[in-house]
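**Student:** Structure in structure tokens, see below.
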Amino acid sequence: MAACVWWRTVQRGAQSAAVFLSRRKVVRESPRRWLNLQEYQSKKLMQDSGVTVQRFFVADNPTEARDAAKRLNAKEIVLKAQILAGGRGKGVFDSGLKGGVHLTTDPAVVGELASKMLGYNLTTKQTPKDGVKVKTVMVAEALDISRETYFAILMDRACNGPVMVGSPQGGMDIEEVAARTPELIFKEAIDIFEGVRDDQALRMAANLGFKGPLERQAADQIKKLYDLFLKVDATQVEVNPLGETPQGQVVCFDAKINFDDNAEFRQKAVFAMDDTAESDPIETEAAKYDLKYIGLDGNIACFVNGAGLAMATCDIIDLHGGKPANFLDLGGGVKENQVYAAFKLLTADPKVEAILVNIFGGIVNCAIIANGITKACRELELKVPLVVRLEGTNVHEAKRILSESGLPITAASDLDDAARKAVAAIAKK
Ligand code: GDP
Ligand code: MN
């Protein structure tokens, strides 16, 4: 079903921690994009909250990486490729290098390894199949790890608030732990007013397998991670591994933080770190106009309002034997220039052979959409067939605008009619 394709697209890059929370399918409310930072950026935020991380530098060329390794003056160095995806340890570069995380005692080797990472694509279980280009590496002081645990704090719909999730079996394959030994996954709901209580933090630390003085230390780290979670308006803080060293230290060896986009106005410093280079450029452009863009494989562009309507539209197109090329969701309060921007984005995609507009106006004023459409058609000299289905607020006015425009716009009476006409328009060509 087309809708399944859609959900998969939406969920691509969704947090792995979410798999622990429920057996039902984890779905997002809308195709929003949560800000995601690189590990080194997340670790800086952690440092500021008193969370224990290794000393590190970042580098964007091999010489700098080698010099950073010298400057660290550590017994052993860990070199880590920075991409917005997990599973780097088991990843592969298109330079032939295996592993996005390497340990060595020799700064010269750091330089050599960095030259096989930087500028190359790293493919992991969580990246697209061609991988993601590495532009930065992290050079950190390596510590011995005697045990790896998993710890995360995230928002859970079922608990109506934040929840801690942890496992004594941390490290690289936490998804498998969740699938095979769910009894080793521990959860603890956090009262948003009370915060993490001492007894909760200690119980989680004990469940993670920290013993003796390490239990208190781990509990302290857990509380500091929650402070950070609140302070930066995170939707998820994931540490895998949260490890212990033979010297008796609890350390966050990896860091993944996602942020609530609605908090952008009060988290300016965090959002300023946003690196959109790894995002789809069309998605980024769409976001500038408050439009959500999801690219798909077919040839019918869809312009809709609301995620549910997007799914329905994709399904009905599928039912009529067509395939959606993408969809743009314009959400609620729409402006004419958004409609124009939307058409520009939709028609820029060479796969698009027809456009289907499906607007069910509630808050959305159909007349504004109609004006936006006619303006876009004229100025962009639209070359592909356009099928429009409008319903709801001010629809009569909207239909009049479209029919009086003299433009070759095919009106549709309902979604089924629209999908049928869009598929037929392509078949005719
Ligand atoms: P990921 O594969 O993308 O999740 O990257 P991680 O940062 O979690 O690193 C992968 C693995 O490398 C970890 O699970 C550790 O086993 C190992 N690792 C990372 N940093 C260190 C370190 O400082 N010392 C040691 N001994 N191992 C490390
Ligand atoms: Mn990790």
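Cβ coordinates are placed from backbone N, Cα and C, and glycine is handled just like the others.
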**Student:** Among Asn299, Asn305, Asn326, which residue does TrEMBL name as a further substrate binder in the site formed by Gly362, Ile363, Val364?
**Tutor:** Asn305
**Student:** Going by TrEMBL, Gly87, Arg88, Gly89, Leu143 bind GTP; tell me which of Gln54, Gln169 is listed for that site too.
**Tutor:** Gln54
**Student:** Based on Cα distances to Asn240 (Mg(2+) binding site), point out the closest of the recorded positions Glu76, Arg88, Asp144, Gly362.
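**Tutor:** Nearest listed residue in space: Arg88.
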**Student:** If the criterion is a C-beta within less than 6 angstroms of any ligand 1 atom, which of the recorded positions Glu76, Gly89, Leu143, Asn305, Gly362, Val364 pass it? List them in sequence order.
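**Tutor:** Near ligand 1, sequence order: Gly89, Leu143.
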**Student:** If I take the alpha carbons of Ile363 (substrate binding site) and Gly87 (GTP binding site), what is the distance between them in whole Å?
**Tutor:** 43
**Student:** Write out how many residues of the domain 'ATP-citrate synthase/succinyl-CoA ligase C-terminal' (304-423) are helix, how many strand and how many coil, based on DSSP.
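**Tutor:** Once the DSSP states are binned, the domain 'ATP-citrate synthase/succinyl-CoA ligase C-terminal' (304-423) shows 60 helix, 25 strand, 35 coil.
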**Student:** Summarise the model's confidence over the domain 'ATP-grasp fold succinyl-CoA synthetase-type' (36-243) as a mean pLDDT value.
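**Tutor:** Across the domain 'ATP-grasp fold succinyl-CoA synthetase-type' (36-243), the average pLDDT comes out at 96.
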**Student:** If you compare CA-to-CA distances from Asn305 (substrate binding site) to each of the recorded positions Gly87, Gly89, Leu143, Asp144, which comes out shortest?
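**Tutor:** Checking each of Gly87, Gly89, Leu143, Asp144 against Asn305 (substrate binding site), the shortest Cα distance is to Gly87.
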